[in-house]
Structure formats: structure tokens, C-alpha cells
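Working notes, structure below.
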Amino acid sequence: MSLLKSNTFISAADVTDINALADKALQYKANPLLDKALGEGKRIGCLFLNPSMRTRLSTQIAAQNLGMEAIIFNVGSEGWQLEFEEEAIMSGKTVEHVKDAAPIFGKYFDILAIRTFPSLVNKEDDYSELYIKQFIKYSGLPVVSLESATLHPLQSLTDVITIKETFKEPRKPKVVLSWAPHVKPLPQCVANSFAQWMNAWGEVDFVVTHPEDYELDKKFTGNAPIIYDQDEALKDADYVYVKNWSTYNDYGKIYSNEPEWMLTAEKLKLTNNAKVMHCLPVRRNVELSDEILDSENSIVTQEAGNRVWAAQAVLSELLKG
Ligand code: CP
């Protein structure tokens, strides 16, 4: 049975069984070349409208492990500026419509993977996932999100894998998503996605903590308790997932730097010696202190390493599908 509902992977909702997909990723971690001929003769196009390190490299390695060729195109910095609005009069900065570009990718590739960040200006376009949906509509290819306007599913699958492989007690771990300070407004994608996957996975006690006014869209946080007192939320946590995000309601803002929200060793004493996670890149001593990042509690490197296995599990499902 396929572990994906269709030939797109842009959300937890596209997965039939999160546990089974995470197990598959861990199988690849134990034996990276298990399916080394699966993608023979196939090509994945990885389109980056925005910068990346981990996503780009891990997806390339995952494709290579499956015998596929990966072609990277930094559309954002090297390509023609794309137009996404239907019936646009293209007399401004945009040079090529996605309606014309995407079918060409359909001729070149077998799978299309796309990174396209939100504008943080037009909430309606961002939250309708206009850009990635236009690629799905016009390419006719299986599409994998490398982080879209509202979600980062390969990161979240990685986070599930990392919790699964590090938690061995016969109970559910307490997992806290904790807002962190930052110097500029960041998308809500990672936080939305982490919440969506934790809720859909259902194998953790999940709590969200952030300053008032930083509420995420309820469709992602669901019934998770939202606690404005960070110290209270951290009590007995087994995992603290640290991430900044800008405001959702008054869209795309940061009101103040809130340095007191940075996770420190002192705050970690409130937890059950929690493991600390972050998707990276991280601004040291703004989002997370040196003392945490350089301590044994930090599993951020293990987490980033697992990006390969998450990507490999998803690509293998698309190749089989
Ligand atoms: N976590 C993550 O997506 O990293 P990159 O932005 O470097 O790809």
C-alpha cells in the first residue's frame, strides 16, 4: 500500500500512515542503498525560489541514493521572474508565467520539488498556497514541497523521525513548540507544519507556547494547549522545539524582540532534561543560547542529518506510485 494518498507531498494530509513513513525513513538510515535502482533513468527537478542549505543537499543525496539524477535550479536568483496570478497583465517585473514554465518542467523531469516561501504580505495568496498549487496544476508531475508558503513537510517528517528514534520510554513524550525571538519577521511554515504533523501523528503530548498575539492558524494547532507562560509550558517537557514565527492574525509582523523568550540552560531545568530541536539555520544567542546549542541536550545536528532519510522515504513512495 502506498504511504502517500496521491502524487503530491505538500502536507501531513498527503500521508496515509505517518508512523509507517517514518519507519521507512529509518530503514533507509540503516541501509541507504536499499533501493538504489528504484530511480534509475529518472530525474528530479529541484526548483529553489528561495535560499536553502539542508533541504537542497539532503534532497540531492536522497535522490542519488535511489539512483535518480537531481537537477537543481535556483529559480529565485538565476531564473526568469515568474508570474503566478491567473489572467495577469504582465507589464511589470514578471517575465514568464508559471502556466508556460511548469509544463516545460513536465517535459524535463519525472518529479518536481519546489521551495517557495510566503510573501508575508498577501495572507490570502500565501494561505491558499497559490504558488505551489500552480506548479501542481500546470506541470502534470508529482510534486514535493521543499517548503511552501505555509508548511515544511519534509522538515516535519524529519522531526517525527528524530523524536521516534530518540524516545524509548513506554509512554508518550511531552513535546513543546516554543516561540523564540528573532531580528526579522519569519514565515509561520515550520511552526505550522510541526504542529500539523505532531497532531496528525498523535504519538506525543503536544503543547504550544508563545507570547500573546503570535497565535498560529487553528487549522494547524488544532486542540493543542496554547500556553502564554513559557515556564509553565516547559515543565516536564521531553522535547522543546524552538522556532521563531511572525504574527498570523496581524499578518507577517514582529512586535518586539522579546529576548526573555530565548531558551537558556536555566529554563531547561524546568524540563525533563529535554532534548532541544530546531530546524536550522539558527541565530545563536538570539533564538537559542550557545550554552544550549553546544550542550548534550541539543539534537539539532542529528535532526538535520535525518533530512536525507525523510526525503528518501518520500521520493521512493513517489517513484513506486
Ligand atoms: N531546515 C531547512 O529547511 O534548512 P534550509 O533552509 O537550509 O534548507
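We number each residue from 1, going along the chain as drawn.
Placed from the backbone N, Cα and C atoms, the Cβ positions cover glycine too.
Because TrEMBL annotations are produced automatically, they should be read as predictions rather than curated entries.
As recorded in TrEMBL, the features of this protein are as follows:
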type	residues	note
DOMAIN	9-165	domain 'Aspartate/ornithine carbamoyltransferase carbamoyl-P binding'
BINDING	Ser52, Met53, Arg54, Thr55, Trp80, Arg115, His152, Pro153, Leu154, Gln155, Cys279, Leu280, Arg307	carbamoyl phosphate binding site
BINDING	Glu147, His182, Lys243, Arg283	N(2)-succinyl-L-ornithine binding site
DOMAIN	190-316	domain 'Aspartate/ornithine carbamoyltransferase Asp/Orn-binding'
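Known features from TrEMBL, placed on the structure.
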residue	record	DSSP class
Arg54	carbamoyl phosphate binding site	helix
Trp80	carbamoyl phosphate binding site	coil
Glu147	N(2)-succinyl-L-ornithine binding site	coil
His152	carbamoyl phosphate binding site	coil
His182	N(2)-succinyl-L-ornithine binding site	coil
Lys243	N(2)-succinyl-L-ornithine binding site	strand
Cys279	carbamoyl phosphate binding site	coil
Arg307	carbamoyl phosphate binding site	helix
I need the nearest neighbour of Cys279 (carbamoyl phosphate binding site) among the binding-site residues Glu147, His182, Lys243, using C-alpha distances. Lys243
Between Arg54, His152, Lys243, Arg283, which of the binding-site residues has its C-beta surrounded by the fewest other C-beta atoms within 10 Å? Arg283
For Arg307 (carbamoyl phosphate binding site), the same-chain residues 6+ apart in sequence with C-beta under 8 angstroms from its C-beta are Arg54, Thr55, Ser58, Leu154, Gln155, Thr158
Provide, as an integer number of angstrom, the distance between the C-alpha atoms of Ser52 (carbamoyl phosphate binding site) and Glu147 (N(2)-succinyl-L-ornithine binding site). 10
Mind running the binding-site residues Ser52, Trp80, Leu154, His182, Arg283, Arg307 against ligand 1 and keeping the ones whose CB falls under 6 Å of it? Ser52
Go through Trp80, Leu154, His182, the listed binding-site residues, and name the one with the sparsest Cβ surroundings, counting other Cβ atoms within 10 Å. Trp80
Which whole-number value in Å describes the distance between the Cα atoms of Arg283 (N(2)-succinyl-L-ornithine binding site) and His152 (carbamoyl phosphate binding site)? 19
Including all protein chains shown, what's the count of other C-beta atoms within 10 A of the C-beta of Ser52 (carbamoyl phosphate binding site)? 19
In whole Å, how far does the CA atom of Glu147 (N(2)-succinyl-L-ornithine binding site) lie from that of Trp80 (carbamoyl phosphate binding site)? 20
Using a 10 Å radius around its CB, how many other CB atoms surround Cys279 (carbamoyl phosphate binding site)? 25
Secondary structure content, the domain 'Aspartate/ornithine carbamoyltransferase Asp/Orn-binding' (190-316) (per DSSP, counts of residues): 48 helix, 19 strand, 60 coil
